[in-house]
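Taken from Swiss-Prot, the feature S-adenosyl-L-methionine binding site covers 11, 13, 42, 63, 88, 104, and the record attributes it to sequence analysis.
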């Protein structure tokens, strides 16, 4: 078995119990005449791939490591439901067939990969029914966090706009070879088929990111770069939110309502808004 390469952020998941938990979390349909298609990002040596194929599905595996591609081609040479794509997932178009996605991904690429498979509030990706990812534990906490939590931030709100997130299991460093320096977790994202839309998703995104950019400040001050204090204060009062509210105290419906109300009152600002980045 090849040794994991640091430049690709590789850590082989060696715990079979975690492999099985990932397969169960994907909720694969039973074998049928027209098998389901699963996208696997970074199959590595094919341990998870083998378990997926055993469920009777097609697996489209995207692998950037040329040596691993040769290993995978040899390992699954007699498996007609295995489809290998060599290349950088972030530079390739999404293969059209898969409606399910599983991945044990490099943690430094989690943000860009999430954006590619979920999209953004302004441009949601509607391809996948379920997405099961191995991520750093701290990120899993951010994805799951709700109002009032220290982990709750712009990413929490933006992902919640697009999908429901569930924690499947925590994974210790000892489950990998070599062990990473952080704890991990498996999460399942279920994209919303029709998210409750903000009237202007770009404005919504920018407002959320601006609010959390100064999370210790009250919103009347934190949103000052976009909207004047008096307008924010009036909107909070109209929505029956505390005049001293901070970004971390608002849940998704609150942010949607505030975004739409401020859009009515500051149309010129919204018209020139660009989509913010998660923090």
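Cβ atoms are placed via backbone N, Cα and C, with glycine included.
Comparing the binding-site residues 63, 88 by how many other C-beta atoms lie within 10 angstroms of each C-beta, the top residue is 63. Within 10 Å of the C-beta of residue 42 (S-adenosyl-L-methionine binding site) we count 22 further C-beta atoms, all protein chains included.
Binding-site extent for S-adenosyl-L-methionine: residues 11, 13, 42, 63, 88, 104, maximum pairwise Cα distance 20 Å (rounded to the nearest whole number).
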